[in-house]
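Novice: Under the heading compositional bias 'Low complexity', TrEMBL lists B:153-178. For B:11-143, the entry in TrEMBL reads domain 'Response regulatory'. Look at TrEMBL and you will find B:ASP76 tagged as 4-aspartylphosphate. According to TrEMBL, the feature region 'Disordered' maps to B:149-201.
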Amino acid sequence: MAAAALREQLNALLSSMFASGLVDDQFQQLQMLQEDGGTPGFVAEVVTLFCDDADRIISELAALLEQPIVDFDKVDAYVHQLKGSSASVGAQKVKFTCMQFRQLCQDKNRDGCIMALAVVRNEFYDLRNKFQTMLQLEQQIQAQQ
Amino acid sequence: MAVVASETPFHVLAVDDSLPDRKLIERLLKTSSFQVTTVDSGSKALQFLGIHDDDASTVSVHAHQLDVAVNLIITDYCMPGMTGYDLLKKIKESSSLRDIPVVIMSSENIPSRINRCLEEGADEFFLKPVRLSDMSKLKPHILKSRCREHYQQEQQHQQSDSNSNDCSSPTNKSSSSDSSRKRKAEDNEEILPQKNRPRHS
């Protein structure tokens, strides 16, 4: 496919990610940093690191919530981590679901936490898919140049 | 007259247990023309700075004897094991490191936390996510601490010199050299001009 068409696709994807609140201004900060610093792989790198980190945290959370007696302090600490890194990359929806999750941790609501984890997981997978598409399109565009 | 070296970039040590956050702070600092070292814990930071947890107050390694001088330390607050606050305390307890400016970052806006850090000697508190505009706040702290350090060194030289002069008989020569030393100390008291305005502010 021609670079122009690919670029249109990429722009449309990014627009929809911003419009739906999937990513916020902080993500735009990352894009600007990439341009300002002349470091083409920066967004890809941070986004990939975030996704690996989030994956790891979600697994840990699942394991903790399966325990007969849930250590809510540990759960809260992990959710806090995920909230922090999602805020840093501009993953707004994931960040918001983490905030709700933390509230349920503080209430020591086990069922609520299990549901919250499911929501966080879904939001994260949705975001990861979009990030992956974004990176693929960027690579294809790069290949054309 | 002392001139702050403007050719060598300032070196910042960044401490954060989160990998994406480390990448971000590294890029922010590099974009702002700092040389950067990142570590993922407070204990690794202390290792890098050349002091050990247990004898922070007794080790006499001077900061300038490090392989690479550190001009500023920026650390996350919430870290497992040693928090940013714990790290700040250790740095302020160390005679060789206490003059290095320390900035704390946190994703949580808790006034009591912020005040506690500032009272312990932190120079600045950044709310995460940190932005490029925050980077322009760093250089003033580095320059301020350098001024202070240089002035203190001048004071020490002045005292040791005037002690040796007391031994000799008072002459016009010694008093005039005393006043010239005083003038020199006053010169160094002026705030040194910032030679490098950051590109982004």
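Placement of Cβ uses the backbone N, Cα and C atoms for every residue, glycine included.
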Novice: What is the three-state DSSP composition of the domain 'Response regulatory' (B:11-143), stated as helix, strand and coil residue counts?
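Specialist: So the domain 'Response regulatory' (B:11-143) is made up of 54 helix, 24 strand, 55 coil.
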Novice: What is the total of other Cβ atoms whose distance to the Cβ of the residue listed as '4-aspartylphosphate' is within 10 Å?
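Specialist: So the number of other Cβ atoms within 10 Å of the residue listed as '4-aspartylphosphate' is 27.
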